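For reference, the structure is listed below as structure tokens.
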Amino acid sequence: MSEEREAPGPLASSSAGLGAEVGQEEVPGGAGPARLLLLPSDSDGPPKKRLRSEAEPGSVRLEERLYSVLCCAVCLDLPKASVYQCTNGHLMCAGCFIHLLADARLKEEQATCPNCRCEISKSLCCRNLAVEKAISELPSDCGFCLKQFPRSLLERHKKEECQDRVTQCKYKRIGCPWQGPYHELTVHESECCHPTKTGNELMEILDEMDQTHKKEMQLYNSIFSLLSFEKIGYTEVQFRPYRTDDFITRLYYETPRFTVLNQTWVLKARVNDSERNPNLSCKRTLSFQLILKSKVNSPMECSFLLLKGPYDDVKIHPVIYQFVFTNENNETEYVPLPIIDSVECNKLLAAKNINLRLFIFQIQK
């Protein structure tokens, strides 16, 4: 294969074996190094390609470049709340910052920045308000209309302004189950049949709604009762993704060890109850188990529940679970993580980590 070089140099000589004719592109004004051109060796070859020492100007938008600059050094996501920085300026979202401090406390080590290994603590690190404001101005897509808005305005747009946001009929109180985009609401309400139903028909619907309301009140009353217990503990937990060692690996999640009620615990989670190919299912669920790692002198009966953490917006319906932990029986069964639907589950799976808050209530005999 012939090689044509307009000017000898190490850049051109290193292109041997690429299966293409090589030349160099003229740079206007003679400034800077010449750029290497790869031309197809015959008419049936692939389209023309150019190797650039850097991307074409304007090929990557500014906001896309800023994502990698302003992301958290730990989870690599854009922070959703406060942004902290180490003494060398490396950025951490509030959730990861708290977890670094908690992990160091459990290991009896000094917490360090994952980038530069300088010491970090609540007194050594400070918030970076400039970065927080910059992130709030970065564009983000509305999940309903797919238009872009600054992050600071997105929540208001989704709740109050978006014409495609999911809304409910005003006759929901008398049993209308309709849900749809906001721009169809007026047409539906003008045609809704519920206002014309008889009293007897409405009574049946209202009875069903009363039963649902009664179950919700039982849950909240149970939570209020648990809050009166003597021994209550809570902590922020971070589920991190791992893969099994099987021939066909499976995704699972596990938290670092944490301490609640003077005991050491671990949480594990799995997708679709570890079914063989969860990627082929349109329905996504997460289930979790609580594991007691420390030894206990007597059976330890506990109630526990997971809620959304302070730095995330995942939608979870609280469910109270109960278990008696002993040295021989220290793992609960896998129980459902009460996410409202598969869409919310996919949001969690798409994130680098899953941040939640765990409450444990010890039942005294």
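Just so you know, glycine gets a Cβ as well, placed from its N, Cα and C.
What you see is a predicted model, and the numbers here were worked out from it, not measured in a lab.
Feature annotations, courtesy of Swiss-Prot:
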{"type": "REGION", "residues": "1-56", "note": "region 'Disordered'"}
{"type": "ZN_FING", "residues": "72-117", "note": "zinc finger"}
{"type": "ZN_FING", "residues": "113-186", "note": "zinc finger"}
Q: Work out, from DSSP, the number of helix, strand and coil residues along the zinc finger (72-117).
A: 14 helix, 7 strand, 25 coil
Q | Arithmetic mean of per-residue pLDDT over the zinc finger (72-117) | A | 86
